[in-house]
Amino acid sequence: MPNIDTATMTPREIVQELDRHIVGQHDAKRAVAIALRNRWRRMQLPEELRNEVMPKNILMIGPTGVGKTEIARRLATLANAPFVKVEATRFTEVGYVGKDVEQIIRDLADTSVKLYREQAKVRVRNQAEERAEDRILDALLPRRSAGIGFDPEAARHEPSAQDNETRIKFRRMLRNGELDEREIELEVAVNASMDIMTPPGMEEMGQQLRQMFSNLGGGKSQKRKLTIKAARPLLIEEEAGKLVNEDDIRTAAIEACEQHGIVFIDEIDKVAKRGEAGSSGGDVSREGVQRDLLPLVEGSNVSTKYGTVKTDHILFIASGAFHLAKPSDLIPELQGRFPIRVELTALTKADFVRILTEPKAALIKQYEALLQTEGVALTFGADAVDRLAEIAAQVNERQENIGARRLHTVLERLLDVLSYEAPDRDGQSVTVDAAYVDAQLGELVQDPDLSRYIL
């Protein structure tokens with residue numbers, strides 16, 4: 001199991017954490033919170049029963065810009081488990097030009113191995129730092145030969161208590177950062193990886209070729225002259241890589257991928273067969289993608305470069321706006337594999353007010369922080385926030401409803417002049433009120449033709 005505290009979070013705690021970043025959509029948050037908690041519950045069961053409990057996959061339905069993708073993004077951070085987000089439109093039926101759906105699981109395995117490798121390196125960090133420190137000191141103060149039979153590798157790892165007085169002094173200076181700008185010459189491992197461009201659908205071949213060239217050049221090193229400040233992170237990374245066991249990492253990562261993996265499939269509605277007459281041209285390929293996804297969701301074995309991954313217990317969360325298609329337009333077998341349906345509601349003016357002010361990294365806080373870097377103290381009055389929310393809701397209603405993304409457009413337009421002039425206004429304070437908002441945006445909002453192209 002992943003070595004994380006978030007694995008034991010209750011559904012209520014998960015929802016509270018999501019509330020810090022996402023406004024509203026309580027039903028969707030509850031659904032993903034319960035699904036996450038069920039992963040933990042399943043792992044507490046006896047092994048015989050554990051294998052019979054399948055994840056309840058989720059289908060999120062709602063217009064664009066209401067928080068579907070943001071929920072997935074925050075969930076990935078929160079779960080600290082193998083997670084991959086893909087767009088259904090990037091995949092095509094087997095035999096067509098495009099990505100094979102099995103690439104989803106290969107990407108998940110890559111993510112899992114990377115996650116576990118980073119965790120393993122964190123565990124050996126202190127030891128790696130000590131080894132890196134010794135290598136830097138060896139470059140600064142080469143050890144004296146101990147005569148016949150002297151083993152330089154054994155000498156390198158002598159206890160620090162046996163260091164001579166000069167070495168102890170240099171070690172203290174090194175830890176205090178007093179030697180950071182001094183240049184040293186070191187043997188540094190060479191990364192023999194090679195970038196290989198492959199056509200769509202042949203990513204696996206590209207990975208295998210990269211691995212082959214990497215193995216051919218493995219173990220090589222070269223002498224480089226670096227400052228101690230630049231050399232230290234390179235040496236720590238290299239020493240940590242020597243200390244971790246790659247076989248153990250791969251075994252644990254594959255198990256985590258199978259037991260805790262989460263796949264988020266966005267824009268699932270774009271591969272649904274649409275009901276209109278005359279739209280059958282692309283339906284064959286769309287239905288083919290669904291049929292290729294079906295074995296992954298039902299449970300199958302996928303070969304990856306780390307080993308075979310069983311997808312039986314991977315949690316799949318799909319989302320789509322379903323403007324032109326309906327969930328019932330998906331093939332029946334795939335519909336049945338997403339038993340939990342959650343509808344996300346369109347955002348209102350009141351939601352926009354909350355989005356602008358409540359989240360931990362709310363848009364207004366972001367702009368205030370950005371302009372503060374130029375020495376401009378920007379503040380938004382409550383009337384300005386209310387007016388901005390009203391304008392965003394109006395434009396969404398009059399034109400295409402793009403949800404909270406409209407706020408980005410409105411705020412960029414509002415602060416266009418101030419952002420341009422900020423370097424010349426160092427030390428000034430600017431308060432944005434409703435009058436300022438109307439002065440900057442009023443004409444655009446009132447003119448439908450202008451707002452269509454600018455807002």
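Quick reminder: no glycine exception, Cβ is built from N, Cα and C everywhere.
From a predicted model like this one, the values you see are computed outputs, not experimental measurements.
Quick look at what Swiss-Prot annotates:
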| type | residues | note |
| --- | --- | --- |
| BINDING | Val23, Gly65, Val66, Gly67, Lys68, Thr69, Glu70, Asp266, Glu333, Arg405 | ATP binding site |
Position of peak Cβ density within 10 Å, selected from the binding-site residues Val23, Val66: Val66
Neighbour tally for Glu333 (ATP binding site), based on other Cβ positions within 10 Å of its Cβ: 13
Proximal but sequence-remote residues of the same chain as Glu70 (ATP binding site) (Cβ under 8 Å, at least 6 apart): His21, Ile22
Span of Val23, Gly65, Val66, Gly67, Lys68, Thr69, Glu70, Asp266, Glu333, Arg405 around ATP - largest C-alpha separation, Å: 34
Under 8 Å by Cβ from Lys68 (ATP binding site), same chain, sequence gap 6 or more: Ala28, Met60, Gly62, Asp266, Ser319, Leu344
Three-state secondary structure, which DSSP defines for Glu70 (ATP binding site): helix
